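> Below you will find the structure I want to go over with you.
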Amino acid sequence: MALNWSFRVIFVSAMWCALLKFATLEEREDDNDYGGGCPFVVLGNGTHAKPAGCSHLCNGAPETLDNIECYNVTEEVAKRMTPDIPYTCWLGWCSKGECKRDNRTEVCYRGSERE
């Protein structure tokens, strides 16, 4: 009789431990937070994508890019572009959050939302 009772205690203890183990394996919601930033609007040219401008507001705070090629187009204008229609865009270089335009242009387009 004592052996039967011991088996039950061990079995219940093992089940309780397993339940606690699986209960702690749940993924927390904040595990996939990669910094909380906001993505920049980008335009493509068939082979590369570049940001439209070099600064924007993210949750009320400014975010800027530096030392990267950009299109000298505001995010507002880029968002109004018709997807998959080619446009002529001025190229520039991000410097302290401003896309400094140079004397080059290239075809650019806004991708479709499904991409």
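Any Cβ shown, glycine's included, is placed from N, Cα and C.
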> Between Cys94, Cys99, Cys108, work out which one Swiss-Prot annotates as bonded to Cys89 by a disulfide.
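Partner cysteine, according to Swiss-Prot: Cys108.
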> With reference to Swiss-Prot, specify which of the listed residues Cys38, Cys99 is paired with Cys70 by a disulfide.
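As annotated by Swiss-Prot, the paired cysteine is Cys99.
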> Which residue in the list Cys54, Cys58 does Swiss-Prot annotate as forming a disulfide bond with Cys38?
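According to the record, the bonded cysteine is Cys58.
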> Do you see any of the recorded positions Asn45, Cys58, Asn72, Cys94 whose C-alpha is within 10 Å of Cys108 (disulfide bond), and which ones?
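Checking Cα-Cα distances against Cys108 (disulfide bond), the recorded positions within 10 Å turn out to be Asn45.
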> Look up Asn103 (N-linked glycosylation site) in the DSSP assignment and report helix, strand or coil.
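Note: Asn103 (N-linked glycosylation site) is in a strand by DSSP.
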> Going by Cα-Cα distance, pick out whichever of the recorded positions Cys38, Cys58, Cys94, Asn103 is nearest to Cys70 (disulfide bond).
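If we rank Cys38, Cys58, Cys94, Asn103 by Cα distance to Cys70 (disulfide bond), first place goes to Cys94.
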> Could you give the Cα-Cα distance between Asn45 (N-linked glycosylation site) and Cys58 (disulfide bond), in whole Å?
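The separation of the Cα atoms works out to 26 Å.
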> How big is the gap, in Å, between the Cα of Asn103 (N-linked glycosylation site) and that of Cys58 (disulfide bond), rounded to a whole number?
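Checking the Cα atoms of Asn103 (N-linked glycosylation site) and Cys58 (disulfide bond) gives a distance of 30 Å.
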